[in-house]
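Structure first, then comments.
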Amino acid sequence: MEASYKSESESEAWPGTQRPGTGTVSTAVREHLRKLCLREFPCGAGSWNKSRFLPQTWRTWRELVPKEEDVVSPGEETVEALLGLVRSPHSPWALLNDSNAEDSFLRELAIRNPLMITDTFFYSYFRSLRVVDKEVTLVDKDLLKFLKLEELVLSANRIKEVDATNLPPTLKVLELYGNEISSMECLCAHPPAGLQHLGLGHNKLLGPLESLYVTADHWPNLVSLDLGFNDLTDLQSMVASLRTLRHLRLLVLQGNPLALVPYYRGLTIDSLAQLCVLDDITVSPNEKHLFRGLSLNGDLLAQEAQFVVTIGNIRGVLDTSVLDPEPGPEGPFVAYSYYVTYDFVRDEEGEAVEDTGELAEIVKPSPSSELLVDESPEEVGEDVIKDIVGGVTEEVEGSLESEVEESGESELSVISGPSTVLQTPRASAEELAKLRLRIDPRLCPSPGTVLFNTTHKPWAEVIPCGYEMQHSLRDLVPLKAFLLAGTTVTIVEEKILSWPVVLPAVDSPLSAKRGKGEKDKKGKEKDRKGQGEKEPAKEWKVPKKKKELPKELRQDPPILQVLGRGLVILEPLLAGEPLVSTVCNFGMVRTLTSDRLTLARDSKKIKKVAKKEKPKAVNPIYESDYHPEPLTVEVQIQLNQCRSAEEALRMFAV
C-alpha cells in the first residue's frame, strides 16, 4: 500500500541539510533529524494525506452540503491510522530503541501538522540538544541559530577545543563530559553569562594553572561544576579560585590527582562554606565542624598521598618438597620458601617508604631486568650481560654469602639452569659472563614502578605473610595513572640447592711447626723419665661431647617459579573509595597425589612424637571427598584520609 505513496517533497532537499563538513554539532543534529524521516511516510505531506492540505476555496462547496460526513479520499490514510504506524513497536516505521520522548513528539507532530516542520520551527523549538557519542570534533557557529537553546549536551565525543563565541548566549547547561579538552582557557574567551552548570569530567585538563579559569570573573552564576577525572593538581590553588564562585553548590573533583591527598575533602569543605554536595556526597554539618579552621592553614599542608599495603595469608600452596628425592651425603640439599610480590608506582620526587610490619624487601628494577622482556629469556645480549655481570660482581666483592643470609634473596632474581656456583669472591668478569642467566619477565616491575615483596616463608597449609608497608608519594599525576592500571600481585616459590664444599687437604707451615713442637715436648718427657724424675700429675678433665662441625655448603642461585599472578584493580581508590580489599584467586595448583605425599610425610613425623604424648590420628584422603583449596592470597590497599582538621595538621603540616 505504501509503495504507491509519494512525498510532495521527495525531490526536494531537506531544509538545512547542506553539510558544511563532518564532525560538527549542527551536522550531527541534522543527521539525527534525517533519521526521524519527518518528511517521509507516514509523516509529512504526500499522496497518503494530500486532501487534508488542499486550499480552503476547494473545500467550500463541501461545507455547504448539510450532514455530510468527512470522507477520506481513496488511497489516503486517516491521522489515527498514521499515528498507529509510528506508535506500534512492531511497525516497520517504529522509532529506534535509542529514541527519546522528544523524537516521538516530533514524528507525531509531522503527522498531525506536517506544514509546521520547517527550519524556523526547529531553531525556535529546541531548548535542549543532546549529541552523545557522535564523533563530533567541532562546535560550529550554526548553534547560534537556536534562539532558545538552554541545554547543550555533547558527551562522549572528540572535542579538543570549544570556541565560546559559537555558544548561544541563552545557554544554562553545558555538558562536555568525556571529550579531549586539555584546557578551560578556550571556554573563558566569551563564556555564556547565564551558565549554571559546566561539565568537564573525564577530559584532559592538566596541571595547576587550570584553577585560573574557574573564577567568578568567567562564571558568575555557576551553581554546579564537574571537573572529575582529569589531571588537576594543587588543591590549595583550586579551592582558592572556587571560593570566588558564590553560587556554587555542587562540585565534583574526585578522580583528579589533587583528590588523593588525605585532607582533600576536609580542606574543600572548609574552604567552600556554601557547598552542599561534594563528589555526589552531601556535606554534613558534622563534617563542617570537624574540619573547621583547616583552610586557614591550607598552605602549610604537604601535597602527598599515603597508601598502606597489607598482605595477609597465602593458602593452597603446593608442597613441592614432597616431590623431591631424599638428599644423599653429597647433596643436593633443597630449601623452599614462598613470598608475594607487587609493584607500586615510583615517586620521581623521592619516595618515602615506611615499613610498619615485618621487614619488607624491595627489589629495584635493574637495567637488565627492564630490558629482558622477551618470552625467550635465554637470548641475552652482550650489553645486558655486562650490566648483569657488573651488578653481580659488586655483590660478590661485598661478601656474597652474608648478603644471601640477610636478605634471603639475591637482588637479581634469576632462574638458573644447571647448578653454577661462584667458587671464590674474586671470580673474574669473564667467568661471570658465561653464566646463562634467565630472568622471568613476570618478576620484573612495569615501567615506572618498583617491585616490593614480603619476607620469605617456609611452606605451611596457611602461610602468614604479616606484611604491611606505607607508601608516601608526592608525584600525583603518575600515581593516578598507576591506580587506573592496577597492581600485579605474584606468588613466587624460591628453590635453593645447597652442596657440601670439599676442602682439599693442604699442609700449612703452621701445622708443621705445631707438629715439631709436640715432638720436642715428647722428647723432653722421655729424658725426664730416664733421669728418674716424677711426672707431674695430669689435670683431670671432664670428657666433652664431640661437636659435629657444620658442613660448609655452597648455594646455587635461586630458582624462582611463579605459582600465581593476577591484577588487582585499584580504580575504586581513585573514585573515592578509601579501601580495596580482595582475595586473589589463582586457581588450583595442588593435586590429590601431592596431598597424599604430604599426608604420608606428616604421619611419619607424628609417629616420632614422644610416647607420653598421644599421637593425633591422621585421616586418609579419599578421592571422592577431595576438595583442594585454591591458591589464594589476601591483599588490602588503603588510601589514608584525615578525619579532622587536627589530624591533618598533625600529620601533614610542613
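Glycine is no exception: its Cβ is also placed from the backbone N, Cα and C atoms.
Summarising the annotation, Swiss-Prot assigns compositional bias 'Basic and acidic residues' to 515-542.
The average per-residue pLDDT of the prediction over the domain 'LRRCT' (256-294) is 96, rounded to a whole number. According to Swiss-Prot, the domain 'LRRCT' annotation covers 256-294.
The annotation region 'Disordered' is assigned in Swiss-Prot to 1-25 (among others).
Feature annotation from Swiss-Prot assigns region 'Disordered' to 510-548 (among others).
Residues 23, 25, 124-141, 174-182, 186-192, 199 of the same chain lie 6+ residues outside the repeat 'LRR 1' (148-168) yet bring a C-beta within less than 8 angstroms of a C-beta in it. The repeat 'LRR 1' annotation in Swiss-Prot covers 148-168.
Residues 147-164, 197-206, 210, 213-214, 218-219, 226 of the same chain lie 6 or more positions beyond the ends of the repeat 'LRR 2' (170-191) yet place their CB under 8 Å from a CB of it. According to Swiss-Prot, the repeat 'LRR 2' annotation covers 170-191.
Under the heading repeat 'LRR 3', Swiss-Prot lists 194-213.
For the repeat 'LRR 4' (221-242), same-chain residues at least 6 beyond its ends with a Cβ under 8 Å from one of its own Cβ atoms are 177, 193-208, 210-212, 214-215, 248-259, 261, 264, 267-268, 271-272, 279, 295, 298-299, 301, 303, 476-477, 480, 574. Taken from Swiss-Prot, the feature repeat 'LRR 4' applies to 221-242.
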DSSP composition of the repeat 'LRR 1' (148-168), residue counts helix/strand/coil, works out to 3 helix, 3 strand, 15 coil
For the domain 'LRRCT' (256-294), the number of residues DSSP places in helix, strand and coil
19 helix, 4 strand, 16 coil
